[in-house]
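Per TrEMBL, the features are as follows:
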DOMAIN    28-256  domain 'Peptidase M24'
BINDING   HIS94, HIS192  substrate binding site
BINDING   ASP111, ASP122, GLU249  divalent metal cation 1 binding site
BINDING   ASP122, HIS185, GLU218, GLU249  divalent metal cation 2 binding site
Amino acid sequence: MTEYATVAPDQPLSRSGAIHLYGHDAFEGMHRAGRLAAEILDAIVPLMVPGTETRTIDDAIRAKMLAAGAVPATLGYRGYTHSSCISINHVVCHGIPSDRILKDGDIVNVDVTPLLDGWHGDTSRMYLVGDVGLKARRLVDVTYECLMLGIEQAKPGNTMGDVAHVIQRHAEKHRYGVVRDFCGHGVGRLFHDAPEVVHVGRPGTGPELRPGMIFTIEPMINIGRPDVKLLEDGWTAVTRDRSLSAQFEHSIGITEDGCEIFTLSPAGLHQPPYA
Ligand code: MF3
Ligand code: CO
Ligand code: CO
């Protein structure tokens, strides 16, 4: 049984298991947080070249958030000590910024969540470093298409299963594996809230989408099998078969007749190449 709970402006929230339904104030707040997140992903494009250490990217992201009056929601989150996740090649998600240097041919996901005036803008994009092979570029393109196909289904009257189904169908048409072990999530006042936004499923199943819901869609798609494993650091998730993995993420809000994407790139840098 799915429960829905209407959130009043400035109401303190905790995870209750219910799906939170937000009002106009929340959509305004999410627009501001989401735009900042997207601007940051736009601004790091010049750093996404061979020779950059991933911690330099993380430092730039933190500086931009602080300069805008936001804080990185990941900083101190469950013991995580960085301002972004940077996941390269076979890393599925939660790659830790380090002295790893970007090299020619890498495909890289950068995931950021500024917390601005109490609102979490959660988004990630793929970047191509130097010359990337055709197979990898195709994975990145199809993963972007998966996200946008899912977003097309995000409207009142549909269910989470409708969103999941189109993502799974598109990925599997290309013989890719859809990661099951990580999901999208409710977002807003809380970083990770109900519901779980799965990326595989059957039409008409799962929670019904209602106006006021705010959540992420963030499919992780592998060239090979869907299976992941966690590295010793407790964060880095990699494909078990070491195949390449890609991900894009938007934070969206359900409206009366569809949805709003809070994290669209103001510069139009939606999918690579960004040059
Ligand atoms: N931004 C990630 C997401 O999309 C969560 C990262 S949590 C961290 O949900 F601690 F790993 F940073
Ligand atoms: Co997310
Ligand atoms: Co994210």
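In case you wondered, yes, glycine gets a Cβ from its N, Cα and C as well.
Unlike curated entries, TrEMBL annotations are predicted automatically.
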Residues among the binding-site residues HIS94, ASP111, ASP122, HIS192, GLU218 that border ligand 2 - Cβ under 6 angstroms, in sequence order: ASP122, GLU218
Neighbour count (Cβ, 10 Å) for HIS185 (divalent metal cation 2 binding site): 19
Close-lying binding-site residues around ligand 3 among HIS94, HIS185, HIS192, where CB distance stays under 6 Å: none
Lowest local Cβ density (other Cβ within 10 Å) among binding-site residues: ASP122, GLU249: GLU249
Chain-internal residues, separated by at least six, CB under 8 A from GLU218 (divalent metal cation 2 binding site): ASP122, SER124, LEU147, PHE182, CYS183, GLY184, VAL197, HIS199, GLN247, PHE248, GLU249, HIS250
Alpha-carbon spacing, HIS192 (substrate binding site) to HIS185 (divalent metal cation 2 binding site), which is rounded to whole Å: 6
Residue among binding-site residues HIS94, HIS192 with least C-beta crowding, 10 angstrom cut-off: HIS192
C-alpha spacing of HIS185 (divalent metal cation 2 binding site) relative to ASP111 (divalent metal cation 1 binding site), in angstrom: 14
Additional residues surrounding divalent metal cation 2, by Cβ distance to the ASP122, HIS185, GLU218, GLU249 centre under 8 Å: ASP111, THR123, SER124, GLY184, VAL187, VAL197, PHE215, THR216, ILE217, HIS250, SER251
Euclidean distance between Cα atoms of HIS94 (substrate binding site) and HIS185 (divalent metal cation 2 binding site), Å: 15
Mean per-residue pLDDT computed across the domain 'Peptidase M24' (28-256): 98
